[in-house]
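Okay, these came from TrEMBL:
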type	residues	note
SIGNAL	1-22	signal peptide
DISULFID	C32-C49	disulfide bond
DOMAIN	63-214	domain 'Cupin type-1'
BINDING	N109, H114, E119	oxalate binding site
BINDING	H112, H114, E119, H160	Mn(2+) binding site
Amino acid sequence: MEALQIIVAIFILALASSLTFASDPSPLQDFCVAINDPKGSVFVNGKFCKDAKLAKADDFYFSGLHIRKNTSNIFGSTVTPINVAQMPGLHTLGISMVRIDYAPNGGLNPPHTHPRASEILVVLEGTLHVGFVTSNPDNRLISKVLYPGDVFVFPVGLIHFQYNIGNTYAVAFAGLSSENPGVITIANALFGSNPSVNADILAKAFNLDTKMVRNLQSEF
């Protein structure tokens with residue numbers, strides 16, 4: 001019985017540890033405004049902290065999310081992030097957000113993942129086809145058409161996208177469960193890496209001709 005209790009205790013500790021590291025660490029202070037100056041500063045979770053007595057309102061403030069962004073690019077979309085890089089007061093709080101603008105008739109936030117965050121998205125304007133793909137072996141597409149006021153969640157680490165199927169501009173806001181969620185755009189990562197992934201590897205992985213792979217790589 002004692003051995004069983006020890007095993008159960010180890011299991012609970014392991015579970016608690018896994019939950020602890022499933023997202024940003026919980027802060028042990030009210031806040032930690034990120035700064036680049038190491039002098040006289042405390043280093044917490046990859047950033048130096050400003051003296052709390054020197055914190056000001058602007059450390060926790062960002063302006064401009066009401067402004068429509070230019071979507072004249074290859075994808076027809078623009079993401080405006082508000083993470084710890086734009087708002088230093090977010091450091092250690094485990095949250096961030098983005099505004100996403102989509103051009104009419106096909107503006108796309110291309111398939112990508114956030115390695116450190118789940119995402120909850122709300123549509124303000126337009127009509128979006130959104131979805132994510134589950135992990136192996138099922139690789140099941142879970143998708144939905146969203147209208148203004150609709151909300152959709154993308155689980156952490158899963159490939160997801162948003163596509164404007166309407167003939168007007170679309171706007172969405174999203175919250176993410178990390179101060180620095182990271183983003184990996186699938187096509188960019190595989191076909192635009194530096195140095196390039198061997199074309200034979202990508203050709204075999206995607207069942208493509210090697211020449212086509214090299215052409216794709218030249219586009220990124």
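Heads up, the Cβ atoms here are built off N, Cα and C, so glycines get one too.
Distances, neighbours, how buried they are, the whole picture for these features please.
Around the Cβ of E119 (oxalate binding site), 23 further Cβ atoms fall within 10 Å across all displayed protein chains.
The 10 Å shell around the Cβ of H114 (oxalate binding site) contains 23 further Cβ atoms across the protein chains shown.
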Quick one, of the binding-site residues H112, H160, which Cβ has the fewest other Cβ within 10 Å?
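Ranked by other Cβ atoms within 10 Å, the binding-site residues H112, H160 bottom out at H112.
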Reported as an integer number of Å, what is the Cα distance between E119 (oxalate binding site) and H112 (Mn(2+) binding site)?
12
Can you give me the Cα-Cα distance between N109 (oxalate binding site) and C32 (disulfide bond) in Å, rounded to a whole number?
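That separation, Cα to Cα, works out to 32 Å.
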If you measure C49 (disulfide bond) to H114 (oxalate binding site) at Cα, how many Å is it?
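So the Cα of H114 (oxalate binding site) lies 25 Å away from that of C49 (disulfide bond).
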In the same chain, which residues outside the set N109, H114, E119 have their CB within 8 A of the centroid of the CB atoms that define the oxalate site?
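So the extra residues in range turn out to be V98, H112, T113, A117, L121, F154, H160, A174, L176, P181, V183.
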